[in-house]
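Visitor: Below: one structure in structure tokens.
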Amino acid sequence: MAASSLGQTTEINWDKLDKTKFYVVGAGIFTGVTVALYPMSVIKTRLQVATKDTVEKSASSVIRGILKTDGIPGLYRGFGTVVTGAIPTRIIFLTALETTKAAAFKMVEPFKFSEPSQAALANGIAGMSASLCSQAVFVPIDVISQKLMVQGYSGHEKYNGGLDVARKIIRTDGIRGFYRGFGLSVMTYSPSSAVWWASYGSSQRVIWRLLGQGTDREGAAPSESTIMLVQATGGIIAGATASCITTPLDTIKTRLQVMSLERRSSARQVVKSLIKDDGWTGFYRGLGPRFFSMSAWGTTMILAYEYLKRLCAKDE
């Protein structure tokens, strides 16, 4: 099977989808994925805001501490806020991703790059564009949820739910408080999204070639299980690559977003504090959970996403 026909077999274009079904079913599927993987975000966030005096400095100690004080519900602090904001954010992200990806493939096609390179460029452009479009909704949700995740931990303030966080942010900082760390969020999530989708798009093509599917020889179409295995492997590679590259910025952003008014610092001061306390390794606090979370999330999300596209494809 030729590489081009392989792409047509395993990828479903945006114009071939039943949009209503895609959004409604997708909301349910991605909520389920978020339920499964949310605790990793809580653990990662706590590790990133830990100070040199914090006792819990490993993922296992953070888990034990949460279970001891709050039980299982402690692993889902801020979950309600995230789920509420996730639906509009996902709609914006996926719409921008799919529409931009189709345009990006047409844009890079005249340059005659190899198929993995074309996929990396087109997917990378689409991933960055989608992230930029969704940041306006995502960042306020991120700020509120992260404050809930670390409340009472390492000296951080306690709250009575997401609305209480929102009221206190408005009282102290106004609307701009919801966009604390917005620049760093854009600098973190947009490149991360670009790297993730670029890695996913190109790694799939490379894997198919290694499986002998990227040649001009005609052959049987790959089975459903083979397609899912390749997509899952691409998700793992993409998550691992993105987490390693963008964790330092994510650490700085997280610290800025959870700081109270009294402890507020600039990005430069956060950087100096991290280097003073832990050296350059401080920028990679929470790398393990973030690595696992992005790889697990990437694999689960992409399988759900590709399944959703197949489920919502219009009959010809």
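Going from the start of the chain as shown, residues are counted 1 onward.
Positions of Cβ are set from backbone N, Cα and C atoms, glycine also.
Where the annotation comes from TrEMBL, it is an automatic prediction and has not been curated.
Sharing the features that TrEMBL gives for it:
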REPEAT    19-103  repeat 'Solcar'
TRANSMEM  20-38  transmembrane segment
REPEAT    118-206  repeat 'Solcar'
REPEAT    226-311  repeat 'Solcar'
Visitor: Which residues of the chain, 6 or more past the ends of the transmembrane segment (20-38), have a CB below 8 A from one of its CBs?
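Guide: That would be 75-76, 79, 82-83, 86-87, 90-91, 94, 293, 296-297, 300-301, 304-305, 307-309, 311-312.
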Visitor: By DSSP, how many residues in the repeat 'Solcar' (118-206) are helix, how many strand, and how many coil?
Guide: 75 helix, 0 strand, 14 coil
Visitor: Go ahead and report the DSSP secondary structure tallies for the repeat 'Solcar' (19-103): helix first, then strand, then coil.
Guide: 72 helix, 0 strand, 13 coil
Visitor: Could you give me three numbers for the repeat 'Solcar' (226-311), the DSSP helix, strand and coil residue counts?
Guide: 76 helix, 0 strand, 10 coil
